[in-house]
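Annotated in TrEMBL:
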type	residues	note
COMPBIAS	1-15	compositional bias 'Polar residues'
REGION	1-30	region 'Disordered'
TRANSMEM	36-57	transmembrane segment
DOMAIN	48-300	domain 'G-protein coupled receptors family 1 profile'
TRANSMEM	69-93	transmembrane segment
TRANSMEM	105-131	transmembrane segment
TRANSMEM	138-158	transmembrane segment
TRANSMEM	184-204	transmembrane segment
TRANSMEM	242-270	transmembrane segment
TRANSMEM	282-303	transmembrane segment
Amino acid sequence: MYTTNDTIGNTQENTKTIHEKQSNDRPYQSSLSSPISIEILLLLSVLGNGLVLVISYRRRKKMVGSELLCVNLAVVDFLCCICFYPLSILSSFNHAWLGHHVTCVYYGLGCYIFGLCGMFTIAAISVILWLDGANIRLVCCASWLIAAVWSSFPLFGWGEYVPEPYGLSCTIAWHSYHTSFKDAFYVICSFSCFMLVPVLLIVMSQIQILYQVYHFTYALSARGIRTNLRHTEKRLSMVRRVLCPMFFCISLGFVTAWAPYAVVSFLFIFHKDNRYMAPGGFVFPALFAKSSHIYNPFIYFYFNKAFRQELRCLLRSFCPRLARNRVGVRSAMGQEGLPGGPHPIQIQLQELGMSGVGVLGEE
């Protein structure tokens, strides 16, 4: 004989089963909406990295090798935001992923290519600054080629691109580790060789760079060498004060931004479904990882004086009021200070931060 409590319990279980079935039948459905956060990330990234690319083009003849890698990183961040993040914004308004499987593969493939290329570029910056002597253009081309080849494996049956649990972006199916040998091989290699190894290279290179700079500076100060190694001191001073802190901040920011997402993805490998964590547990690490596109331009402008100077020139070209002449006229007494003496007029001109003084005398 059934009681009222049994009837209510059965109803709740049936309702839960129906909702789980609908969730499995519609994997592109989203219960979260964060368009404002993604819009802010998109706007700041496009403006910041766009300025970096424009300024880099203006001073393209003065750039050194390490700055080319920074330009490559700005290209990665700029194109990733322009080509793929609008899909996340539209999907967040729709509360479901738009286009289903086709756009999911497009988004996952593109974001994975740009993500790997950005990671390889930062690792290359750290290693090249440590070892020196590498061909920068070859390194950039190799980063794009390796990222494109490895990201295309899911198109041929090694892994797949699926919606993330919160339904606003697509990525590698980390849980496919349990489905087949090919999928397990691709997931393990993606996490270990193309995520863990570059991070270890970044950390080891930065530690070696800091050690070399400290050791060389201490040796110079102990020996008191000033004449023969003056050029070396200048180069070391530039590396210590500009390049090392700038690249250290870029590397630290990248590792910090992507660490929560890497941990969540790693945990996701050992679970066949996403019920072990609420959708919000996925969305916040993903948004925090996307913030890595924002702060690099601020790091460039803060540490690189040439970038700041080019930015001022660029602003003056768009705002003529900042570059117009300012004329000041004043009269001065004669050399002897007598009332009847000559009173030359001094005219001061200031343009673009430069000043000149002209004197007009009266007989």
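Placed from the backbone N, Cα and C atoms, the Cβ positions cover glycine too.
Pairs of Cβ atoms less than 8 Å apart link the transmembrane segment (138-158) most often to 105-131, out of 36-57, 105-131, 282-303. Touching of the transmembrane segment (69-93) and the transmembrane segment (282-303) is concluded from the presence of at least three CB pairs under 8 A, sequence neighbours closer than 6 excluded. Residues 65-66, 69-70, 72-73, 76-77, 79-80, 83-84, 87-88, 99, 139-140, 142-144, 146-148, 150-152, 154-155, 161-162, 169-172, 194-195, 198-199, 201-202, 205-206, 208-209, 212, 239, 243-244, 247, 250-251, 254, 258, 292 of the same chain sit 6 or more residues outside the transmembrane segment (105-131) yet have a Cβ under 8 Å from a Cβ within it. Within the model, the domain 'G-protein coupled receptors family 1 profile' (48-300) shows a mean pLDDT value of 83, rounded to a whole number.
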